[in-house]
Amino acid sequence: MATKPTEPVTILSLRKLSLGTAEPQVKEPKTFTVEDAVETIGFGRFHIALFLIMGSTGVFWLAGSLLIIGLASVIIPTIGWRWLIRVASIPGIILIVAFKFIPESARFNVSTGNTRAALATLERVAKMNRSVMPEGKLVEPVLEKRGRFADLLDAKYLRTTLQIWVIWLGISFAYYGVILASAELLERDLVCGSKSDSAVVVTGGDSGESQSPCYCHMFAPSDYRTMIISTIGEIALNPLNILGINFLGRRLSLSITMGCTALFFLLLNICTSSAGLIGFLFMLRALVAANFNTVYIYTAEVYPTTMRALGMGTSGSLCRIGAMVAPFISQVLMSASILGALCLFSSVCVVCAISAFTLPIETKGRALQQIK
């Protein structure tokens, strides 16, 4: 039987063989981002604690409002309003000291190049959740584009941005207007057929001070009770607000609550009983709080990730403008004309209701956009 002739092995053939063999590839070191670490660590005790802390801030806001009213009812009649301010500043001082012990965001630390601090924060979260960190080196993800202020005014979002700014300004204007106007209305005692028990002029022993046009009317205990009951209204509509934004949509829900806010501002001018005034103030506080909840959710959903923080930040700036203007209407203008001040608040709410109803984008059921 014939055998197959074998090709002699030469230096040339060995060289060809060596050239045809793939060179071993150098493995790149493993890397992970903050998002990868969060996904790997998973849900656990840290997230539960974070949910309780952040979720309770709305209740710490309500509690603070109730606490300051309670302190005012005790401190102002006895040692004066200056001591109320001093006592009220104590939690803020404590909070400033506590900021030192609050860890910085891991994502922020990575973006500033402080990966060691970011890694320490993530390891702490993993330890609390009894989980493990991903393998490799923590790196910052490469973003193709960061949000710019000009993006908010791009043709795609220009109308949405302008209308959102109007709504944020109007909601803040109405919210702080209700709070400040409540004291003004109680001071003037608009309850029909009753004489104000709180119409006591506070004057000092100095004759010059007694002749000053600046004066205060002390609140009666019933006035403080009215303030407390109306403040509780800020959480009264939360269940209905949640149902509304999920079933009716963000735009329609916000336009309805803003329209109702305008209506109740006008109802404050009606001569009513003490219970009626409490009811109007209660509903107003509930409605303005619902407005804030809805517009906050809508603003966070309507912008893509690269613009979301910028959109929220600029809206918050407009919100502060509304808060700064509110005292001039609820205290200065209301001193001259209660009807004029209430009509102005109502008109702003109507404008916001129309703006909310005509928003070009409905975010109900839409996933958050990751890119523009």
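Yeah, the Cβs are placed from backbone N, Cα and C, and that goes for glycine too.
As a whole-number mean, the pLDDT of the domain 'Major facilitator superfamily (MFS) profile' (1-364) in this prediction is 79. According to TrEMBL, the domain 'Major facilitator superfamily (MFS) profile' annotation covers 1-364.
According to TrEMBL, the feature transmembrane segment maps to 48-76 (among others).
Residues or ranges marked as transmembrane segment by TrEMBL: 83-102 (among others).
Positions annotated as transmembrane segment by TrEMBL: 162-186 (among others).
Distant neighbours of the transmembrane segment (336-359): 160, 163-164, 166-167, 170-171, 173-174, 177, 181, 185, 188, 190, 250-252, 254-256, 258-259, 261-263, 265-266, 268-269, 291, 295, 298, 329-330; these residues of the same chain sit at least 6 beyond its ends, with a Cβ under 8 Å from one of its Cβ atoms. Residues or ranges marked as transmembrane segment in TrEMBL: 336-359 (among others).
Same-chain residues lying 6+ beyond the ends of the transmembrane segment (162-186) with a Cβ under 8 Å from its Cβ atoms: 198, 219, 223, 226-227, 230, 254, 258, 261, 265, 268, 277, 281, 284-285, 288-289, 291-292, 295, 298-299, 302, 311, 314-316, 318-323, 325-327, 329-331, 334-335, 338, 341-342, 345, 348-349, 351-352, 355-356, 358-359.
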